[in-house]
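Engineer: What follows is a single structure, and I will ask about it in a moment.
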Amino acid sequence: MIGSNTEKLLGTENHRKLRDSRVLLVGAGGIGCELLKNLVLMGFGEIHVVDLDTIDLSNLNRQFLFRQRDIKQSKATTAVKAIEHVSNSKLVAHQANIMDVDNFPLRWFDQFAIIFNALDNLEARRYVNQMTQFLHKPLLESGTAGFDGYIQPIIPGFTECFDCTTKETPKTFPVCTIRSTPSQLIHCIVWAKNFLFPQLFAPSGSTTTEEDLGTNNAEEIKRIQQETNEFHELQEYAKAGDETKISDIIEKIFVHDIEKLLKIEELWKIREKPTPFYNVVVGESLNPNLNVVWSIQEEANAFAHATRKLMRRMVVEKQIEFDKDDTDTMEFVSTAANIRAHVFNLPRKSLFDIKQIAGNIIPAIATTNAVIAGLSALASLRVLNLIKSKSEIKPLELNMAFTAKASNISSNRYLSNPQLAPPNPRCPVCSIIRGVVHIPSSALKTTKLSDLIESMRDKFLYPGDISLLDKSTQRLLADYDFEDLLEKTLAEINIKYGTILSISDERCDEEELRSTLDLYIDNGGDSSNFELPDVEVPLYKALKAENDEEEEEVEENVVQQASTTGEIIVDQEEKSKKRQLDDAWEPATKMPKIDDDSGVILLD
Ligand SMILES: Nc1ncnc2c1ncn2[C@@H]1O[C@H](COP(=O)(O)OP(=O)(O)OP(=O)(O)O)[C@@H](O)[C@H]1O
Ligand SMILES: [Zn+2]
């Protein structure tokens, strides 16, 4: 019987708590399928699964809850159906984006004892992290990439949050490197995938503004813009499916455009000059082996072949998106990149290798997902204090885990599991004081922005000089010289449920400033008005530094002082702010209860 072993391991009392707990799993992909199976086997009372996506053929090798017949079906629903018949847990599937506030307002998250992230992108991870910070809800963050993986329990207010450390974002290149002076094959691949392909086959594609170009060379800027304009003609050929123009396309992009580039002498003073791809005669022979580097003639043949097929499709489809698994688009991008690499005297690669790069493919390893999902499930028992005969575990006694390869800290250990660190006092997310504004929908239509600001001033003791930002859209709503919106109602300026407002003290010459406060706008409150949260917004010492060096020194002093006074000094956008940890601490209204002093999580 599922769960009966867990009872022996946890003891009757803890097992009952586990059975009474409702948990949320976000993502039913590689880690999510494994984790759902684990959570069901452990016997959590109720498990909600959220995933926005449908099942793809390529998921089947590692997402064991899915079968061929499930392709195109909802991941969340299918995962639940696949395991329902062996489950003692109540399972609820949601096919939706976790960031959709209409489906999942902040208070919806509050029903869960713990939230498991099994996601694959920074945006959604950051979003859930933020929601758990508002609610002081434990979060079990996890991720894998190839053989690497990690789990990180996050106990808001007590341990580092997801954003306490900076995360690597996808690499970008200056436009001029991509459009004029590639020096690596990757630049040619980006050009083929992000510029050439959309120019020809997705005509609503990008336009380039001067600021994005990454160059001041007027001649080069003019050439790049002219080149973009000339592509409109080629687009027309593509749209009309005019196959007789394929040699003109080759001539334009690999000969004429290169000749124009060569005329900008400035560019070639420190670089090797490209050689236009003259006298190309396209033939029929194609190399079927995708794992070898083709001859340049084979590349040209395959480029013409792929272009022909895409042109035929354009007549029907009108617009084609690049997809690494769409053979025609992949062959086009790979051959275009390799011919450009040949022109710029750069080493070429096989179509298979270029597919890995163009599709950002890091192979997903089922075993890594299983290890990480197992650790995530185990860690949740420690986070929720359900381990038998263990004294209560405080947040900073909990462990994270990551593969040594990911961390580079040890060459002969696969897994490291250090204890969690306290919140980073400079974290842009968890160092901010937060609260929830409850407002009935009728009041959104009648409350003026000035009313809300006035109430915030009264309640949180902000001065006259403040700025108010809509964090969800990065809009400035009000500050000392922007008052245009004050007389508008909240609905008129598009403040709605799920909007996060951020109010800051903007006084210049004060020694002490009021901390920044983030407010989540949520449904509720009495029938006619809004209710501001009962949070205390402390003052912090405004530190002025003459130069960076001095600022560093001042901050160091303050952080040291913090450890003796129990205050945390945070640096937000070059200002230092202080707060009492407990001021920001509001225990969740439902389970789990977290002991205010120790942060220990106690299930009822
Ligand atoms: N905002 C979101 N809301 C709900 N689910 C999300 C959101 N963002 C990502 N997901 C889901 O998280 C899961 C992550 O799983 P995984 O990393 O295995 O990705 P995958 O899309 O299944 O596989 P691959 O990307 O390797 O093809 C996916 O199923 C994805 O649909
Ligand atoms: Zn943080």
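Using N, Cα and C of the backbone, Cβ positions are placed for all residues, glycine too.
According to TrEMBL, the protein has these features:
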type     : residues                        : note
DOMAIN   : 9-429                           : domain 'THIF-type NAD/FAD binding fold'
BINDING  : 27-32, D51, 59-62, K75, 120-125 : ATP binding site
BINDING  : C161, C164, C427, C430          : Zn(2+) binding site
ACT_SITE : C176                            : active site, glycyl thioester intermediate
DOMAIN   : 311-354                         : domain 'Ubiquitin-activating enzyme SCCH'
REGION   : 546-604                         : region 'Disordered'
COMPBIAS : 547-556                         : compositional bias 'Acidic residues'
COMPBIAS : 572-582                         : compositional bias 'Basic and acidic residues'
Engineer: Round to the nearest Å and give the CA-to-CA distance linking G27 (ATP binding site) with C161 (Zn(2+) binding site).
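Structural biologist: Between the Cα atoms of G27 (ATP binding site) and C161 (Zn(2+) binding site), the distance comes to 19 Å.
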Engineer: Using C164 (Zn(2+) binding site) as the reference point, find which of the recorded positions G30, E123, C176 has the shortest Cα-to-Cα distance to it.
Structural biologist: E123
Engineer: Taking only the Cα atoms, work out how far C427 (Zn(2+) binding site) lies from the residue listed as 'active site, glycyl thioester intermediate', in Å, as a whole number.
Structural biologist: 34
Engineer: Per DSSP, how many helix, strand and coil residues does the domain 'Ubiquitin-activating enzyme SCCH' (311-354) have?
Structural biologist: 28 helix, 0 strand, 16 coil
Engineer: Specify the secondary structure state of C161 (Zn(2+) binding site) as given by DSSP, simplified to three classes.
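Structural biologist: Note: C161 (Zn(2+) binding site) is coil by DSSP, not helix or strand.
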Engineer: Please go through the recorded positions C161, C164, C176, C427, C430 one by one and keep those whose C-beta falls under 6 A from any atom of ligand 2; give the result in sequence order.
Structural biologist: C161, C164, C427, C430
Engineer: Counting distance between Cα atoms, which of the recorded positions G30, D51, N61, C176 is nearest C430 (Zn(2+) binding site)?
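Structural biologist: Of the recorded positions G30, D51, N61, C176, D51 has its Cα closest to that of C430 (Zn(2+) binding site).
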Engineer: If you count other Cβ atoms within 10 Å of each one's Cβ, which of the binding-site residues G27, G30 has the most?
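Structural biologist: Top count of Cβ atoms within 10 Å goes to G27.
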Engineer: Most Cβ neighbours within 10 Å: which of the binding-site residues D51, D120, E123 is it?
Structural biologist: D51
Engineer: Including all protein chains displayed, how many Cβ atoms other than that of the residue listed as 'active site, glycyl thioester intermediate' lie within 10 Å of its Cβ?
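Structural biologist: Looking across every protein chain shown, the total is 19.
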Engineer: For C161 (Zn(2+) binding site), which residues of its chain lie six or more apart in sequence with Cβ-Cβ distance below 8 Å?
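Structural biologist: Looking at Cβ-Cβ distances below 8 Å from C161 (Zn(2+) binding site), excluding near sequence neighbours, one finds N129, T132, Q133, I154, P423, C427, V429, C430.
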Engineer: What is the interatomic distance between the Cα atoms of G30 (ATP binding site) and C176 (active site, glycyl thioester intermediate), given in whole Å?
Structural biologist: 38
Engineer: Between D51 (ATP binding site) and the residue listed as 'active site, glycyl thioester intermediate', how far is it from one CA atom to the other, in Å?
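Structural biologist: So the Cα of the residue listed as 'active site, glycyl thioester intermediate' lies 39 Å away from that of D51 (ATP binding site).
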Engineer: For the recorded positions E123, C161, C176, C427, which sit with their CB under 6 angstroms from an atom of ligand 1?
Structural biologist: none
